[in-house]
Amino acid sequence: MSERKIGILASGRGSNLQAILDSIATGELKVKVAVVISDKSEAYALQRAEQLGIANFVVERKQYQDPKAFEERINSLLIEHEVELVVLAGFMRILSSHFVEKWKLSIINIHPALLPSFPGVNAQEQALAYGVKTSGCTVHFVDEGMDTGPIILQRTVPVFAHDDLPALAARILIEEHQALPAAIKLWATDKLRVEGRKVRILE
């Protein structure tokens, strides 16, 4: 059976992309990264892809007259590369409900907080300000809301009294690098069943 193909959307350094690539290299994750797309030309994620000969593209919002044309370009690249699962790995743009509907239950996101707490931007900062004792990360299917889709899995970290933002963010990032490949593996091995708001993981 051929490996299932995933597409990565990333806006930054691509450390979660690297975690996926590392899991593939060890044989833990049996998928193919078919394409990496970024909305930032300077994103290091593109270099990570280039170094491994993975197709990569810059799709900048400013190049397009409206958001619809911007998303249509991304969508066409995903289809062209036969992508089955779209992975948002630090992609810092909100996708329209039209785009999300096209990829319903075939698009996932990694968020640096334990949803439904602290959705949106600056999640780690929100967690520190609120005074929580535990934080972590969430991998979820993307729906039309802001970090509101069905939760696939979560990993937790302690929050210490002396933590600052870089310390907590770094601790959460370590768990992100475990959680995202694990969630993709569950998808690739057909272990996920979405039942309303709940995602059941098959044994």
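Any Cβ shown, glycine's included, is placed from N, Cα and C.
When the candidates N56, N109 are compared with the (6R)-10-formyltetrahydrofolate site entry in TrEMBL, which names K68, M92, R93, I94, L95, the shared residue is N109. In this structure, the recorded positions K68, R93, H111 were compared by how many other Cβ atoms lie within 10 Å of their Cβ, and the smallest count belongs to K68. A coil conformation is recorded for G14 (N(1)-(5-phospho-beta-D-ribosyl)glycinamide binding site) in the three-state DSSP classification, outside any helix or strand. In the set G14, K68, M92, none of the binding-site residues has a C-alpha within 10 Å of the C-alpha of D147 (site 'Raises pKa of active site His'). Ranking the binding-site residues K68, M92, R93, L95, N109 by Cα distance from N16 (N(1)-(5-phospho-beta-D-ribosyl)glycinamide binding site) puts N109 first. Close to the recorded N(1)-(5-phospho-beta-D-ribosyl)glycinamide site, the chain also has A10, G12, R13, L17, Q18, A19, A45, R48, A89, G90, H177: residues not among G14, S15, N16 whose Cβ is within 8 Å of the site's Cβ mean position.
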